[in-house]
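This report concerns only the one structure given below.
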Amino acid sequence: MTSRSGGIQRGHRSSTARGRISAPPPTLRRSSAGSPKHDAGGRVRVAVRLRPQNQEEMVEDADFADCVELQPELKRLRLRKNNWDFDTYEFDEVLTEFASQKRVYEVVAKPVVESVLEGYNGTVMAYGQTGTGKTHTLGRLGEEDTSARGIMVRSMEDILASISPQTDSISVSYLQLYMETIQDLLDPMNDNIAIVEDPKTGDVSVPGATSVDIRDEHSFMELLRLGEAHRIAANTKLNTESSRSHAILMVQIRKSVVESGAETNNSSHVDKSFKPLVRKGKFVVVDLAGSERVHKSGSEGHVLEEAKSINLSLSALGKCINALAENSTHVPVRDSKLTRLLKDSFGGTARTSLVVTIGPSPRHRGETASTILFGQRAMKVENMLKIKEEFDYKSLSRKLEMQLDAVIAENERRQKTYKDELGRVSIEAQKRITEAERNCIHAFEREKLKYQMEYMDSVKKLEEKLMNGQSEHGHNVSAVKPCNRQMNGSEEVMELKRLLQNETRLRQEAEEEASRFRSQLEQFMHSEDGSVLEIFNLRRMLEDEIDQKRKLEEELAILRSQLLQSTYNSDQMRRGGNGDGFSGLDSLMSQFRNSQLNETGNGQKAPMTTLFEQVGLQKILALLESEDASVRIHAVKVVANLAAEESNQELIMAEGGIGLLSMTAADADDAQTLRMVAGAIANLCGNDKLQKRLRSEGGIKALLGMVRCGHSDVLSQIARGIANFAKCESRASTQGRKTGRSFLIEDGALPWIVQNANNEAAPIRRHIELALCHLAQHEVNAKDMIDGGALWELVRISRDCSREDIRTLAHRSLSASHTFRSEMRRLRIEL
């Protein structure tokens, strides 16, 4: 096995007759500018499985040696050329006829399933001749014998075992491609499903298919039974139940994961130590219808037509794989709906595993060799694996809401605790203040009463002493000498002085006691001030908590707005690729110069020009406002046919016809009326003289308003009108009669133009491609076209458009614009 850089091994063909093994061709490498860090290369892995001989082959091939010899230990297969020579081929896996279904699943599909669970896209496909066991390998249900279960059932078992029903989801669609028509196997009435391609990412999807949410294995088995019952099969010489359609099982997996981080925000107390992500994986299982040769299968009638359709789609798939294997610049993906559906599987971003099934019979050596060569070419295709994950805003919003509720509850609990504590402290402080005031008053009263009693006693004693002194003085006045009287008077004065000093001392002591009580009262009041300060601190803490709550609410509002913006962008991306399912019709409406409105009395019809001359344009336009719907329809038909004549167009505009047509377009709902209105306006858009007036009177707005109908004929006329307007506008800008941006861009037509530039209907696509080329001819429109995604469509038109003149015009427009060239250099796009 030849090895390459990166550890990728490539299968190749060798010939033992020449005695050498040829070197493999260079591996196809695809680069993607700005790819994420999860991107990785992944070659398509191919396994070959040999079917055992059936009873018919045992009888008819009894005298012949098997054309296939397997060497599974060397992962090699030898295909007999003649009795003495073999061609040798190497594959990623070689499975003998004795390989179990479990072994096949583990080597073919299990690595793909594991990648899908990690967020990648994955494809498992079976290719081979009719009757070689493709459906047995992929779709066997194994209801009676579980060991016979195929890849579909075993894959779903592993997927269901690896997800969480609470946070993850699985949805399944089951389709068949029959006669180049995609049909829903879960809803047979849904038999023409459109393929939608995202113009920005290139992802292919089928939004019209039925999608069923799966929660357990039983519901998935019921879904497979229902799909197999609706799948088309027929009896041929090669297989009694030959599948006549390609079956496609699509499993969409949405899995939530959490990445750890170290980011925290102390100011808001919000935990940001995790990153909730959603990984989206798409698992596709493709059971291709078998290739067959008509002379061997015996197909005839309708079965023959089915075989032709199958072989054409398989041939288109082989061409795409050849182009990818040879590193061709052009891959014909659009040649078949099968190749469009498998665009991501070969040369895309999916991990792809292919199992080719062969039979041992030498009668079918040619088909076996063709199948083996298909597998060899597929091994040369490399895909660029890309993980699909996005930030889970909803999960983060739920977590933040839970945290916010917890913070609010904690704040409310603390607030209640603070209020209770504040009330308790206030009551206790009030009690202490009241008790202190009462004790102070009582002590002051006791001291005051005490000093008053002492003062009264002192006064009474002084009065008694004074009275005793006077009586003694009266009795001894005659006997005592003047000196004695003087002495006694001096003693009384001294005694009075002593009593006065004693009284003064007692009063000072009383004043000191009162001062001491006052200081105690001041200390108590100071301690009360401390209680008030504590209350103030509690209030400030409460205000801080309220401020934090407000900040949390502001942060949650910002996250919610981001969530709404992300949801709006996801919806805009899902709506961006619509319109690919309309069938193509001829874009130009036939100009009925001799169209007839109604029958005359003698059975003859009056020509349109005669009616116009007899009735007059004003009366015909007045009929557009009639309440009778049939009258309005006939009037619209007349105006549409008159608008095809250039000589009538200025007269219609002068009489206010565009305004009446716009009103009719806004009020009408049926596709017939809207088609004729769109055709009339499209004719007027092709007149150089009416550009400004047509736009000012709402002609472009009226065209874009009729997009709501969705009918392919209406959309074809709208596309024709836009192409006519862009062509005339481009001519006016070239001649210097107009400056500034295109009126189409100013009136918002560019998004619809880009959306339908790759429309499946040929007339719509051709007109839109012409309109884009005309808009791109003028530098003033380049910036808006780049912002609107038109650059990618112009590059595609210059490469893939079926008409050479349009391709040349797109290439010339891109080369002539400095803005386009600069952007293409930045994006590394080469013409």
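Just so it is clear, glycine is given a Cβ too, placed from its N, Cα and C backbone atoms.
Features as listed in TrEMBL:
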BINDING   Gly128, Gln129, Thr130, Gly131, Thr132, Gly133, Lys134, Thr135  ATP binding site
COILED    493-562  coiled coil
DOMAIN    43-381  domain 'Kinesin motor'
REGION    1-43  region 'Disordered'
REPEAT    615-657  repeat 'ARM'
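Confidence across the coiled coil (493-562), taken as the mean pLDDT and rounded to a whole number, stands at 70. Of all the Cβ atoms in the protein chains shown, 28 others lie within 10 Å of the Cβ of Thr132 (ATP binding site). Looking at Gln129, Thr135, the binding-site residues in this record, the fewest other C-beta atoms within 10 angstroms of the C-beta turn up around Thr135. Gly131 (ATP binding site): 23 other CB atoms within 10 A of its CB, across all protein chains. If you draw a 10 Å sphere around the CB of Gly133 (ATP binding site), it holds 22 other CB atoms from the protein chains shown. The Cβ of Gly128 (ATP binding site) has 27 neighbouring Cβ atoms from other residues within 10 Å, across all protein chains displayed. The Cβ of Lys134 (ATP binding site) has 27 other Cβ atoms within 10 Å, all protein chains considered. Around the Cβ of Thr130 (ATP binding site), 25 further Cβ atoms fall within 10 Å across all displayed protein chains.
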